[in-house]
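What Swiss-Prot annotates here:
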type     : residues                       : note
BINDING  : 58, 59, 60, 61, 62, 63, 64, 65 : ATP binding site
COILED   : 566-619                        : coiled coil
COMPBIAS : 534-554                        : compositional bias 'Basic and acidic residues'
COMPBIAS : 577-615                        : compositional bias 'Basic and acidic residues'
DOMAIN   : 45-249                         : domain 'Helicase ATP-binding'
DOMAIN   : 283-437                        : domain 'Helicase C-terminal'
REGION   : 534-638                        : region 'Disordered'
MOTIF    : 14-42                          : motif 'Q motif'
MOTIF    : 197-200                        : motif 'DEAD box'
């Protein structure tokens, strides 16, 4: 029986869908606690069930998954006869293993209410319990999950041949491998529906060729659905996927002014915190303790995998024991990713997931209270997806992005232009020099205890800088504006790494640390043994002779010649960089070039606007610039 909707919501009642839903589907959504459809479900489900191609753009956490799962299972269960053995009726493609797995488990929850399908998916293992048997002519949905890293292609094919699934949920690469087998069939007589979840990400450069190869193997006469939180940014590529006169569904959220221009849930409050460089990490502790009630599930976003590895070791020293810190990134083995993801989801104590953008899209992590972006993403469109991990399904959530003082504060205006407004963090936070010193001291103590942690820190810092230098809003995030010494101390480094970006740095590269590097040891005995061997080799004859030769070469080279050589090398580097940029530009489509031009124009206009505002403030003429703006205070989590 369908759940009874609240008064005044009959247009979103589950039993009011046309074509009507099966009774078992109504029972399933009722048991899941969905009293009525979300706006995206109310719009997309009837269209997709009515044999329309759909392009669905909706805010994150709006119920997109059921918007395509329900039409697919309804379609497969309303066929005139069962799909032939080893024939596929529908495919759902996801960009990540985690999202594909999540979709698959939601599908299993749905099919548990359809006895014929449930009997195939979860056969009883207890011989004393009589199994309900259904004739072979009974229509069933038999799904298979295809994930790279957890099984081999041969194992996937073996399972396909044994179970003959008619619905595949997969990542692009593993799906293409299966479809390449002559034993897997997707003819027009059998294949019904294709869904691309997180479509804009699937259409990124990394997936284009694979996706095109998949689509070539599918019949043109099919129903296709593209679902994403930002499908508008990939509209120019949708035609290539082969939609036939698609219906576009766009669901937006009203902002406080009443205008439908926000691209995030109304229950999500997005904020920023300007943080002095030296306080980059101890600010995280302030944020966690300033929010009331204490967030039970928090996500910290870092920019790189190396950064996650290093921060997972040092942040507990700063945050204390109040929170369980769990790391997750794309370079973890598949079993580690799954284990850590489940640890976070199932944690009953306050937990923090420290992750990269692998967790920014699609994953429906329940009950996330707080999202903190330690580093703003290099791709601005990822910002909204990171924030959207909180405030899902109407639950109150809070997101914070950390910005350095100065030019980075222009990012606030940049986001506003992109219809993603952020407000100042609602709780006042004060920083003290002694606190920063204590944090640096605690981290350095751990780093000094094991040279391996120093190596991880150096690698993490370099990878962070490379990510920072590739930010699309490059006039806001400028490497030249970074405070190197404060950053190094905040990261707990013992010295700044050797990098081209530090070529003209004249400050203290040792960061005030006096250390005998020859005596600096690894905790791991094998690594320490190898280090000592290399150290001894460098001190023996070959190393001495080589050093002597280098000294002689240096002594016989005129200073003017060395300067000239450096200038030539710098010139060659600049020429090489220009060639690379030219080649990259030539390989871009006109649409991609136009996007870059628009971003550059947007950033420049924001820079000019902010410069003018700063000039007016200095002149004392902008007292009322922000008058009349309502500030919404965060009232706690649900």
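Each Cβ is built from the backbone N, Cα and C atoms, and glycine gets one as well.
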Counted with DSSP (H/G/I as helix, E/B as strand, rest coil), the compositional bias 'Basic and acidic residues' (577-615) has 37 helix, 0 strand, 2 coil
Per-residue pLDDT averaged over the domain 'Helicase C-terminal' (283-437) comes to what?
-> 87
Kindly report the helix/strand/coil residue split of the motif 'DEAD box' (197-200) according to DSSP, in that order.
-> 2 helix, 1 strand, 1 coil
Using DSSP, what's the helix, strand and coil tally for the motif 'Q motif' (14-42)?
-> 16 helix, 0 strand, 13 coil
Quick one: give me the count of other CB atoms within 10 A of the CB of residue 62 (ATP binding site).
-> 22
Three-class DSSP secondary structure - residue 58 (ATP binding site) = strand
Please classify the secondary structure at residue 65 (ATP binding site) using three-state DSSP.
-> helix
